[in-house]
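For reference, TrEMBL has these:
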TRANSMEM  37-62  transmembrane segment
DOMAIN    58-323  domain 'G-protein coupled receptors family 1 profile'
TRANSMEM  83-104  transmembrane segment
TRANSMEM  116-137  transmembrane segment
TRANSMEM  158-179  transmembrane segment
TRANSMEM  210-233  transmembrane segment
TRANSMEM  263-287  transmembrane segment
TRANSMEM  299-326  transmembrane segment
Amino acid sequence: MSLEETFVLNPVMTNKLASNVSWTYSNHTPSAAENPVWYPGIVIAAAYGFIILVGLVGNITLIKTFCSVTSMRTVPNLFMSSLALGDLLLLVTCAPVDASRYLVDKWLFGRVGCKLIPFIQLTSVGVSVFTLTALSADRYKAIVKPMDIQTSNATAKICIRAAMIWIFSMTLAIPEAVFSDLHTFSVAQTNETFVTCAPYPHAGDLHPKIHSMASFLIFYVIPLFVISVYYFFIARSLIRSACNIPVEGNMHIRRQIESRKRLAKMVLVFVGLFAVCWLPNHVIYLYRSYHYSQVDTSLLHFVSSVCARMLAFTNSCVNPFALYLLSRSFQKQFQRQLCCCCPPLTPQSQSHGRSTIRMTSLKSTHHSLASFSLINGNHICHEGHWNSQEQKQIVFFTTPILKQKILHVVSTVNLT
């Protein structure tokens, strides 16, 4: 998809806000008196700067959190790291270029930049939408077909999938780099000519129609349709699971289902943010492509175009903060990563030299709870009575082998 704004932003042409092309410069050089400071452009560029700054802080902190905290390296989080990397690429390279069009009336980045910038833009968008699709597929497998999940070499497999998404996105972006070039256009109303970076020449209406429709289908409609199918089956499976579990069912199963629900909702929020942020940009691009010979110079069209562009770039900075609001564990780690002075999290067992395990068992008749703790091999009883044989058995399983014996302990201990 071509992410370029397709209209002229020339301070001299304040009444002609559009010419259905991207970054332009006129073939004449106006003097300082003819080219006054365009204050709306400064405001728009400042808004871009704010989006870039927030996005850099959020995405860098997210990647740093997932890389430095071992417990956070789950399958969804690995995909989120890849998504954050794509967002960083877009914010660092493409957002500043987009903002520069509102400050100067010429294309500043030459022919190489004309080919490279659209390629990076399309790659980043592809990484975003295809990673969200992969996340939805992962949630589908975890909820609908949990027995198919393979835990061996899971991290390596996810990294390979993420790399394949990047390669696939770059492959789809190659035509954008090949066909994007500096093209000369003319404005009939003013008899001016200008050069712009565009993915197609101004030779007819067919090229922009094909380009915009293909972009809309490949990078928006089809992935969101696939995601919708996945979530239809996820919702159906969760509803069936909730109906099949008895009121006094296994609490472990209930907690597992609730955890999977939260993850599925989290991915759905990211998908919804992508759909909302990118839809206006697609709609405006389609509108311009199908009205290619009719230039809309209205203020409404200009404002709508600017808002659509900024909303699209906003999608690259909101995901870390959405995750911050949805995940308590990520929230704690995110805060620690932002605060450089805070020491890293250390497990309690390492800092205090103790291992404490608390077990609860439901009494079959009175529904009372009993628990015990192992602290450095010493047994402590709580809310119940254990016979001497059971105490000996529990004390025997000291900390080094406790994890391997825990199921055996549970199966042999009975409340009196």
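Residue numbers in this text run from 1 along the chain shown.
Any Cβ shown, glycine's included, is placed from N, Cα and C.
Averaged across the domain 'G-protein coupled receptors family 1 profile' (58-323), pLDDT for the predicted model comes to 85.
Within the chain, the transmembrane segment (263-287) has long-range Cβ neighbours (under 8 A, six or more residues past its boundaries) at 1-3, 6, 76, 83, 125, 128-129, 132, 135-136, 139, 142-143, 212-213, 215-216, 220, 224, 227, 231, 234, 238, 304-305, 307-309, 311-312, 314-315, 318-319, 322-323, 326-327. Looking at which of 37-62, 116-137, 158-179, 210-233 has the most CB pairs under 8 Å to the transmembrane segment (299-326), the answer is the stretch 37-62. The largest share of C-beta pairs under 8 angstroms with the transmembrane segment (210-233) comes from 116-137, of the ranges 37-62, 116-137, 158-179. For the transmembrane segment (37-62), the residues of the chain that approach it from at least six positions outside its boundaries are 9, 11, 14, 80-81, 84-85, 87-88, 91-92, 95-96, 98-100, 102-103, 306, 310, 313-314, 316-321, 323, 334, 337-338, judged by C-beta separation under 8 angstroms.
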